[in-house]
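The next block holds one structure in the form of structure tokens; read it before the comments.
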């Protein structure tokens, strides 16, 4: 009986975790794309050639070939894309959702999970600099994105992630 109780608890935790993450994706998507009625989760597994292209376009190190992305739909029509990027900041991972319009404009960036100490989390004002960045914006620290004193690694991680997400968006939007 005790073993059964433990197994049920473990199953409950495993089952509940992805569900709460999806609710947050839905909240973020609906706050940026008002007409979203459906969110479709997809996965990209990059080929060797695509991996090389993403790394060249992003001018950043790409450590995995598997990414999660979302189609934000309204009435069966895609109104936006969400690209989920997880990267190591210092010793822990940060996961950021980058939202794009079908035209390729970076509409938002939202920190979904951050493993480093809270003082390294960029504030909302700094994160807001990514809103409505055009397809050709450099998204590079020191060019159109300023650094953050005391959180340089976080800032670099998020701006590099934005460029990786944009390169992945170009692949995802063609599927």
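Placement of Cβ uses the backbone N, Cα and C atoms for every residue, glycine included.
All annotation found in TrEMBL is predicted automatically rather than curated by experts.
Now, the feature entries from TrEMBL:
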type	residues	note
DOMAIN	80-169	domain 'FMN-binding'
SIGNAL	1-21	signal peptide
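When the domain 'FMN-binding' (80-169) is classified with DSSP, helix, strand and coil residues number 28 helix, 29 strand, 33 coil.
In the predicted model, residues of the domain 'FMN-binding' (80-169) average a pLDDT of 93.
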